[in-house]
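Enquirer: According to TrEMBL, the record shows the following:
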TRANSMEM  B:12-33  transmembrane segment
TRANSMEM  B:58-78  transmembrane segment
TRANSMEM  B:85-105  transmembrane segment
TRANSMEM  B:165-187  transmembrane segment
TRANSMEM  B:194-210  transmembrane segment
TRANSMEM  B:216-233  transmembrane segment
TRANSMEM  B:240-261  transmembrane segment
TRANSMEM  B:334-355  transmembrane segment
TRANSMEM  B:367-394  transmembrane segment
TRANSMEM  B:400-421  transmembrane segment
Amino acid sequence: MQYLEGRKYVVQAIFLAVALVFATRLFYIQVLDGSYKLAADRNTLQRIVQSPYRGLIYDRKGQILVQNTPVYDLMVVPREVKQLDTLRFSQLLQLPLEEVREGLQQARKFSRVKASPLVQNLSTQELAAIQDNLIDFPGFSVKARMARSYNTHTMAHALGYVGSITPKLLERPQYSKYQPGEFLGITGLESFYEKQLMGRRGVQYRMVNVRGIEKGAFRDGEYDTLSVAGQDLHLSLDSELQGYTEKLMAGKRGSVVAIDPKTGEILAFVSAPMFDPEMLSGKGMGNRYMELLNNPEQPLFNRPLMATYPPGSTFKLVNELVALQAGVVSPNTPFPCNFKLVRCTHRHEYPSNVGIAIKQSCNPYFYQVMRATVLRGRSSNRFEDARLGLGEWRRKVMQFGLGEKLGVDMGQEKKGLIPSPEFYDKRNGYHRWTFRTVYSLSIGQGEIGITGLQMANVMATIANRGWYYTPHFVRGIGSGGPLPEYQVKHTVGVDARHFEAIIPGMVSVVDGNGGTGNNASLADVGISVAGKTGTVQNPHGDDHATFAAFAPAQDPKIAIVVFIENAGFGGSSAAPLAALVMEKYLRGQVAPWRHRWEEWLPGPADRFIKRRKY
Amino acid sequence: MNSLPARYNRSIDWVTVLLYLLMVGVGWLNVYAASYSPDAPSNPFGSLNFGQLMDFNWFKQIVWIGTALVLIVVLLVIDPKAYDTFAYGLYGLMILLLIVTPFIARPIAGSRSWLELGPVRVQPAEFAKFITALAVSRYLAGINLRQQSFRDQLVLVGLTLLPPVLIIAANETGQALVFAAFLLAYFREGMSPIILLILAAGAVILILALLVPKVWLVVGFTVLLAVVLAANWRSLRHHLPLSAGVWAVVIGMVFGVDFFFNNVLQDHQRKRIEILINPSADPLGVGWNVTQSKIAIGSGGLAGKGFLQGTQTKFDFVPEQSTDFIFCTVGEEWGWAGTMTTIVLFMALLGRVVFVAERQKSVFGRTYGYCVASIIFFHFCINIGMTIGLAPVVGIPLPFFSYGGSSLWSFTTLLFILLAIDAARKQDLERY
């Protein structure tokens, strides 16, 4: 039997072989292969992102416009809900029973162990009403978060609104850091300055168990970072002026843009019809948004930036400036008011110089001015001559910031349209059109499209005699100034003397005897206003009224464009409205005898047309 | 008869006792870590009464360890002759118990194998191991394995297979597989090594059949056999029928695997083997246990995350973490250093048990010793193997480490009967 004793070595060898295999395998997965450590972290580490305190928004005078207030979400963890008396609970929340049941169902579907919101955006008062009773309902808790609240009922279009991020936005690379459900600026300044307002997120690493339940900080918070509050925005908008302008625009469709020409700062920005910014915040925001969206008056449409209209007679000024710079006319060039070329607005004195032409808004005069600019015999072929001439004219006009985005600090801006030769080539055929085809452009009608903001910028440029700063809403970010692109002076390629040549005409539009814009005169309070009326032909209905101006004429502090849809002649509605706004801004008050305008102007636009007919 | 201390003081194998205490102690630390919850009171003894403490696995394990120590004293007090004398009687009782258990037990976790004795639950299958070990040792002591008759062999096979068959009937496949360990003990006692080799070759073929396309296996084996025959044509040409027989058996096995796999194995058993072959299949379903277990062990690194610092085990990613998957806690909190220590402890114990077995003068004592080593080794192999993805998930505990009274008592009994027999070996000498 002794020889069998050797088998103990075989048995022990088997033991050792297995031990060796285990040791090797363990060395591999524990020491060599790092992927298991990563997998373990993926299992247990949860990044909790702390949304920072969103930056506040102040107006021109330092009055706070937009701030953060705590709102409360009633959260529910379905697993912890015990014997819920739904009837009592729904009475407490003052919600229909079905809604409570449905909410609970949704929460259960999301997760039985994670908290999900049952009722969102409860105000402090609403919370106070239910908080004491919540103790009777296990599984329900209250989570505070910051929401936007508004200290103003105006400038909704400029401010924009804040909402939770959509799944579509989440896929874009610039929003990669956002969490589902996180709030961000959706439109307006809230959206354009999202990066500055947002601040920096704080990150906390928490450990969670297999069911996602929190189990404390990771390494005592060694890797956690604190959030940094967003920067405040200081707007150039003057909330008093804005509110005043919105009141005057009540009941109409249209836009008003007022700019400080010396800085490009936007002083008032009205898109009518308006709505209260509070509507797009807080409880029931979704329903109110749908109401606004489905409103046939389209209150969400940001008209000063997005509505492009033919500018009408106000565009004659640009035409004249381009012609003067090209040297094809002089301020004293006379052109007959020839009705054969184009119908004029009314019978008036002979336009022996540009001043009279502007004052009377003489259509044939500016027809001939533009014809002189375009048709210069660059080619013996009259089609080619018109082509070359229009191309040259367009390049000059676009120098004024027309036909392309100005670059205002708001995202929804439209380019407008200054039609190119190619545009007509495509529409009419190559060499199938002449100046007669495009002459409407000379009086700001036809294919041309300009936004209210662009027209206001043209006014600021004329007020400055040849230069402008890109219009912008924000004059200060945090403790600094505006963005660098708003500190660059742009010139439009027209000499200052040519501006001086047309401004007297613009003054006489307002203050001259029989000027089309007499309703805008502020001469009675010692302010000379330079302006230009416009009536935009509208194939779909009544003409649109427009008035563009700046004041004081010699040292302009405000440039303004008023655009009222379907209000007919610009001199009767747009001009007085502009005057009120300018006076309010320049003097801080309106002369008592003009209060009748304040009472008369608000309301639907069609009244202005009836008045003209009588 | 000498008093107990005098009887055992010199003769008891203190090395084994020390290793046992070490393993139970280390095991308890890990059970504590596995059932530790950061939310629980820091000093539970001050604030909780006994009943509340019994809600914690770590506290219950203290109770089990305490009772195991009492059990050890009882085992040492009994005259070691009794284990030999009553081996068959115990075996008969155990078979009866195994037969009736499925009828009187309440189903727990899919099997009717737990008996409830008041507050304590025991699994008769756990105790079947040492009782069968005693019975087969007794039987082997009475025959000569080298020159045994066919009838003796049949009886031995019957003695070994009866308990696992009954245990499988109670749906505890894992516990039944342990009885395969007896082969190692039989090998030491003279069983032909060819049987071991054939079984090993069979296992290799079965595993290959699951991993490699069957055509390759058939062609490969045929070519191999042909080469061997050609090289040794002179000596092997008379064994052509045998070669043909071997070839037929192997090919039969290759194709039989599928039948066995699909028709014999139960659904959950089949999945466990599939997971072993392809661990990334279904990581959230059946593969969950193995994947999470490997993550827990693998994330431990060289030195581990530290006592009570394990995240995967603590936060319930690893299921059954204080019982069958206790090795995950070792691996995660103590790293490679900890797992190596555990393996070294087991190797030391197994080596010591073999040493103790070899110094027995009686076939009974030696065979029993080898049974002890083989059973512990089998548990060690399968349990650690499954946690690191080298063996299918079979629900058997890691001896001395895993939480559980039944398991701890059964391994304690298994080991200390050997020590009792060992301690009495000098008395045997004195007597003869």
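Even glycines carry a Cβ here, placed using N, Cα and C.
Show me how these features fit into the shown structure, please.
Expert: Same-chain residues lying 6 or more positions outside the transmembrane segment (B:12-33) and placing a CB less than 8 Å from one of its CB atoms are 57-58, 61-62, 65, 68, 76, 307-308, 310, 313-314, 322, 326, 329-330, 333, 341-342, 345-346, 348-349, 352-353, 356, 398-403, 408, 412, 415, 419, 422-423.
Sequence-distant contacts of the transmembrane segment (B:58-78), counting only residues of its own chain at least 6 positions beyond either end whose CB sits under 8 Å from a CB of the stretch, comprise 4, 8, 12, 24, 28, 31-32, 35-36, 44, 403-405, 408-409, 412-413, 416-417, 419-420, 423.
Taking Cβ pairs closer than 8 Å, the transmembrane segment (B:85-105) reaches residues 112-116, 124-125, 127-128, 131-132, 134-135, 137-138, 159, 162-163, 166-167, 169-170 in its own chain, all 6 or more past its ends.
Counting same-chain residues at least six beyond the ends of the transmembrane segment (B:165-187), those with a Cβ under 8 angstroms from any Cβ of the stretch are 95, 98-99, 101-102, 105, 110-113, 123, 125-126, 128-129, 132-133, 136, 140, 145, 156, 193, 195-196, 199, 269, 367, 370-371, 373-375, 377-379, 382, 394-396.
Panel annotation: around the transmembrane segment (B:216-233), residues 205, 208-209, 240, 243, 246-247, 250-251, 254 of the same chain, lying at least six beyond its termini, place a Cβ under 8 Å from a Cβ of the stretch.
Long-range neighbours of the transmembrane segment (B:240-261) within the same chain, counting only residues 6 or more positions beyond its ends whose Cβ lies under 8 Å from a Cβ of the stretch, are 202, 205-206, 209-210, 214, 217-218, 221-222, 225, 229, 270, 273.
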Enquirer: Cβ under 8 Å to the transmembrane segment (B:367-394), counting only same-chain residues 6 or more beyond its ends: which ones?
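Expert: Long-range Cβ neighbours of the transmembrane segment (B:367-394): 83, 129-130, 133-134, 136-137, 140-141, 173-174, 177-178, 180-185, 188-189, 269, 272-273, 275-276, 279, 289-290, 293-294, 297, 324-325, 327-328, 331, 342-343, 346, 349-350, 353-354, 356-358, 360, 402, 411, 414-415, 417-418, 421-422.
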